[in-house]
Amino acid sequence: MTKDELKALGWDRCDVVIVSGDAYVDHPSFGVAIIGRVLEKAGFRVGIIAQPDVTDKTSFSRLGEPRLCFCVTSGNVDSMVNNYTANKRLRSDDDYSPGNRPHMRPDRAVTVYCNKIRETYKTIPIITGGLEASLRRFAHYDYWDDKVRQSILADAPADMIVYGMGEKTIVDVVGRLKNGERIADITDIRGTTYKTRKIGDLSDFIELPDFKAVSTDKRAFAEAFKTFYDEQDPYYGHTLVQRHPKTIIVQNPPALPLTTAEMDAIYDLPYTRYPHPSYKEDIPALRTVRFSITSHRGCFGGCAFCAITAHQGRMIQSRSQESILREIRALTKLPEFKGTISDIGGPTADMYMLGCSKRSTQGMCRDKLCLYPEPCPNLNKDHSRLITLLNEVRKVPGVKNVFIGSGIRYDLAMQDEQYLYHICRQNVSGQLKVAPEHVSRNVTDAMCKPSIEAYDKFVSKYREINKELGKEQYIIPYFISAHPGCTLKDAIQLAEYVRDMGYYVEQVQDFTPTPSTLSTCMYYTGYNPYTGQEVYVPKSVEERRMYRALLQYKNPENYDLVKKALISANRKDLIGYGQNCLIKPVRPAIYKKPGRRKP
């Protein structure tokens with residue numbers, strides 16, 4: 001956005017300027033678009049500075065000083081995850097930048113952006129939000145520095161974090177700024193974290209071990225994490241406090257979950273679903289979500305490696321069927337729409353309108369998970385409203401196909417055979433994404449995932465249903481390598497399972513320790529904070545590379561690593577010419593595509 005655009009709107013200045021590490025796309029899958037539209041709906045003038053040049057001071061002042069505040073986010077993804085691979089190598093592309101160009105955002109973008117803003121504007125309130133700020137709101141282990149870092153509020157000259165999804169919270173905060181309150185006095189809004197020098201007025205709070213303790217004592221870190229994790233419930237979560245060397249971090253309880261009407265109001269806003277017209281190149285991240293629909297937020301799966309618990313929460317917040325149908329009718333009018341809805345879902349597709357009766361009054365259970373180790377008997381597993389929704393979407397003129405691109409939680413789907421039949425009949429595009437993640441019980445327990453036996457039962461039922469329907473449809477399983485709890489023996493067990501599946505696995509993700517997840521706590525401390533038991537953690541680069549190579553043992557480029565792993569584990573029985581062998585005794589030739597000769 002430029003000052004010329006402000007003039008075209010008849011504005012002399014903005015009320016709020018949002019600074020983002022992503023290119024600007026006016027689509028509800030992009031957080032900046034949602035926050036901007038919500039603030040606009042509330043009557044505020046909102047400007048957006050997307051991917052500012054941090055070497056040019058004027059990049060942050062091109063819209064002038066906003067009347068109320070700057071809002072700062074790294075974008076949809078943590079900037080360190082966006083910039084580096086799981087093995088800390090610099091990425092060569094960026095899906096959230098025009099033309100897939102890398103290096104359009106700095107490392108630790110939120111901190112850098114806040115510093116740049118403060119260089120020019122000494123007193124303007126700076127509010128941070130999004131994944132990077134939310135998940136770094138307390139002292140946290142940083143994989144890229146391999147150390148415990150302070151809260152992002154202690155490192156950056158920001159005044160507040162609006163953590164979680166944040167729509168209601170940011171409107172409340174900006175509204176109070178408009179009414180003349182100082183940002184330092186706004187300390188009572190749910191879903192915010194702020195810094196202070198004293199906590200004398202606070203009551204009913206829990207104090208976490210301080211920064212010095214958690215940065216020098218791994219047991220203290222695990223204790224702090226467990227308390228933090230357990231208190232992320234909007235109904236029983238307490239205010240949390242953590243002392244840092246020069247400040248005190250205070251997190252208010254999480255925001256209450258949005259009602260269906262509130263969800264509808266957010267997604268009914270007039271998103272264009274296009275990038276800003278100034279871009280001459282495509283934004284790759286838009287391709288996969290252009291014709292997708294968000295039906296709900298939150299996930300009660302509780303996977304240890306996933307940040308959704310700390311960001312969106314475990315409670316499902318669903319839109320109404322009418323709101324979803326309105327969005328789809330609007331979507332069909334876009335000239336690029338060819339009749340296919342690529343996805344209707346959320347973090348996982350099959351939790352729409354699900355939950356249990358106690359959650360809306362008492363919160364989620366403290367001492368157990370909804371799906372691990374088995375689905376809870378109190379959980380509503382009836383997918384009938386989702387089935388009705390999928391059927392109604394197919395009736396919308398112009399819609400030819402409705403697919404589930406976000407994947408399903410297979411152990412939940414197994415609780416409702418009618419749903420499984422329905423998606424196999426109408427909503428699978430030929431391949432269904434599911435995530436068993438691993439086969440070893442050591443690892444699936446550390447992940448809080450069901451056993452591989454549950455996955456095998458699902459595969460059997462899926463094949464049975466497709467055979468009955470006369471369809472040839474497949475499963476794309478997703479696996480994680482080098483997760484805490486995984487030993488070399490476990491990695492080989494997974495490789496043997498992949499061998500027995502009979503087809504090559506491409507969907508392999510190296511475990512990346514991201515802030516504020518249970519898995520990251522185990523990675524750093526070597527302990528499970530809930531049991532106190534030690535957890536084996538594969539940390540060396542070579543070991544992590546071996547574990548991944550074992551999963552893709554058919555790739556000739558992985559031969560040396562696979563052979564080394566098998567010899568190290570005393571599994572030479574898997575080297576040979578037998579049908580159960582992973583590799584042959586002789587290294588295969590590596591095919592290289594012929595390159596173009598230099599002129």
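The chain as shown is numbered from 1 upward.
From the backbone N, Cα and C atoms, a Cβ is placed for every residue, glycine too.
In this structure, Cys303 ([4Fe-4S] cluster binding site) belongs to neither helix nor strand by DSSP; it is coil. Sequence-distant contacts (6 or more apart, same chain, Cβ under 8 Å) of Cys303 ([4Fe-4S] cluster binding site) comprise Glu437, Met447, Cys448, Lys449. Sequence annotations record features per position, and here Swiss-Prot assigns [4Fe-4S] cluster binding site to Cys299, Cys303, Cys306.
Positions annotated as domain 'Radical SAM core' by Swiss-Prot: 281-557.
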Binding-site residues: Cys299, Cys306 - member with fewest neighbouring CB atoms within 10 Å: Cys306
Check: same-chain CB within 8 A of [4Fe-4S] cluster site center, minus Cys299, Cys303, Cys306: Gly301, Gly302, Phe305, Ala307, Ile308, Thr309, Pro347, Thr348
Arithmetic mean of per-residue pLDDT over the domain 'Radical SAM core' (281-557): 95
